[in-house]
């Protein structure tokens, strides 16, 4: 898709993660800083987002239910960045989330594509600490990708400004 250093660039960003991770809530918080009632996404949501530096983003929020994950690969061709959302409170499903991320990153369309992992729901008292999530994900093994890991809360908005900055940084890398 090209470098984001050029003026007027349009970047395609795909957001994936297991069901109930908070992808749709994050999408609409980033879009208008508003909290919306959500239902499980069947298919996808897509929203434009203007970013500093004359960058227009198109954010694709793809449903994360088990039966929809087989379609994830259909959204990877030509993307500029992957955002992968984890539910920090769902320790039982963390291995499943890691396995799905690995599968996505192994797709040939993902060669060299940077990714941002958002550890969502950090406001919850039972949320796993970011360092523990980092250790379990072992992201350093993905040497063919630029990546960042950020803690956030879609509910409170905590960490979403930093997530947006990371997103733009990765697009420029």
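In case you wondered, yes, glycine gets a Cβ from its N, Cα and C as well.
Residues annotated as N-myristoyl glycine in Swiss-Prot: 2. Swiss-Prot lists 17-24, 61-65, 120-123 with the feature GTP binding site.
The structure, with features from Swiss-Prot marked on it.
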{"residue": "17", "record": "GTP binding site", "contacts (Cβ under 8 Å, 6+ apart)": "23, 64, 84, 85, 86, 87, 97, 100"}
{"residue": "62", "record": "GTP binding site", "contacts (Cβ under 8 Å, 6+ apart)": "14, 15, 16, 23, 41, 43, 44, 68, 71, 72, 75"}
{"residue": "122", "record": "GTP binding site", "contacts (Cβ under 8 Å, 6+ apart)": "88, 130, 151, 152, 153, 158, 159"}
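Secondary structure from DSSP puts residue 62 (GTP binding site) in a beta strand.
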